[in-house]
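What follows is a set of notes on a single structure, which appears directly below.
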Amino acid sequence: MSDTIAAIATAHGVGSISIVRLSGERALEFALKLSHKTKLTPRHATFTKLFNQNNEIIDEAIMIYFKAPYSFTGEDIVEFQTHGGFSVSEVLLEELVSLGARLALAGEFSKRACLNGKMTPLKALNIQDLILSKSALAAKIIARNMQGNLGELLEKIRTDLVKTLAFVETSIDYADDDLPSDLLEQISTMCEENSKILKEIYTLSQSKKGLIEGFKIAIVGKPNVGKSSLLNALLSYERAIVSDIAGTTRDTIEESFKLGTHLLRIIDTAGIRESKDAIEQIGVALSKKSLEDADIILAVFDASRVQDKEDEKIFDLLANTDKKIFWILNKSDLENVFKNTQNKNFIKLSAQKDITLLKEELQNYLNSFDSEGIMVSSLDLINACKISSEAIFRAKGLLEESSLELFAFELNLAINELARFTKDFQRDEILDEMFGNFCLGK
């Protein structure tokens, strides 16, 4: 990490200011050259003109120097607050490169912060999740995780396992001495408790992932029952083509919208029916796949048409699902000839006139999800908690069988999984993969 890196830290485009970030051994040197200053006071904002190597002015800017190790990365950092827009920050960045800086890789500032002990990989992931959060509720949950509760919990579990492993491996070296029964009981209890905690984290994260990522909603029904009209009404703008011709929607259409504090990702599917049209058949197959992926299903029927075999197929398709289903009787402003033979609790509405009742029902259902507890969005971390929990659970059983070597193997597996997200982890190849999806300048 001897080189000095630079990147634009703000979003690209027109704005009032743009921030260029510089980190590394030569950060202060480059800043002094650009500003024609002889010194900078750490953690003070300095208003200055910036010049290129031909002594031509680049911009007037605010410059802030963070002296190592008291900075985001743990290295010397200088941040330049220039005027916004497409050009000024780009010119400044080019000048820094000409002085000897290197363009930063995605997430490289955060990676350096982790390698220098300024944050754990877990906190870095939380910061990235917060940046990418798409709803107020998601931001609230992620911000809560950033306060350190999850990191402290994982570190405590890892420390418990390391201490236990060290003791057990010593006992293996002195095989003639059996572990005291009271100590065996303590270790067994520790394994049971920590396995349970990790299981709660990954099961809660999986069951409530919609609170962070957004709940997936699939609209399903036979052709021409008003699915596209319902999609447009939920989005409050015309996204899908509405036509009296059955089969107009042949592909799945996915859009996002907010209902209260919740993000919803809604999918309008092709009408499900028997068809010889090859393209429509593909659309029907995609519709069925969307049902599998959905968290919530809006099953739409037409109040103005007599129930037929195609409607029955929709009922049959949804008969064994464990997904939450809202049964919708659309076009209820017209003469109602649909017979509710399935005794479903239909929401009666007109997608082209008023869907207030559906929105209220959706909101009540979403509000029933408790946002408390530890939830994570990183699939990698969820899998690590699952693998660790299962390994610790297996270790408990092996301890009861006095298979200490296998017990140690399982504990090692759990420790290595948790260590990837705690403060002592240093494996560059995993960090490269983790931070490769981060923003430039972060």
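Heads up, the Cβ atoms here are built off N, Cα and C, so glycines get one too.
The (6S)-5-formyl-5,6,7,8-tetrahydrofolate binding site annotation in Swiss-Prot covers Arg21, Glu79, Lys118, Lys442. What Swiss-Prot lists as GTP binding site is 224-229, 243-249, 268-271. The feature K(+) binding site is assigned by Swiss-Prot to Asn224, Ser243, Ile245, Thr248, with sequence analysis given as support. The feature Mg(2+) binding site is assigned by Swiss-Prot to Ser228, Thr249, with sequence analysis given as support. Per Swiss-Prot, domain 'TrmE-type G' is recorded for 214-367.
Ranked by how many other Cβ atoms sit within 10 Å of their Cβ, the binding-site residues Asn224, Ser228 place Asn224 at the bottom. Model confidence over the domain 'TrmE-type G' (214-367) stands at 79, taken as the mean pLDDT rounded to a whole number.
DSSP gives Asn224 (GTP binding site) a coil state; it is part of no helix or strand. If you measure from the Cα atom of Lys118 ((6S)-5-formyl-5,6,7,8-tetrahydrofolate binding site) to that of Ser228 (Mg(2+) binding site), you get 50 Å. Considering only the binding-site residues Arg21, Lys118, the Cβ with the fewest other Cβ atoms within 10 Å is that of Lys118. Just so you know, the Cβ of Lys227 (GTP binding site) picks up 30 other Cβ atoms within 10 Å once every protein chain is counted.
Note: the CA-CA distance between Arg21 ((6S)-5-formyl-5,6,7,8-tetrahydrofolate binding site) and Ser228 (Mg(2+) binding site) rounds to 46 Å. Taking the Cβ of Glu79 ((6S)-5-formyl-5,6,7,8-tetrahydrofolate binding site) as centre and 10 Å as the limit, one finds 22 other Cβ atoms among all the protein chains shown. Look at Glu79 ((6S)-5-formyl-5,6,7,8-tetrahydrofolate binding site): DSSP puts it in a strand.
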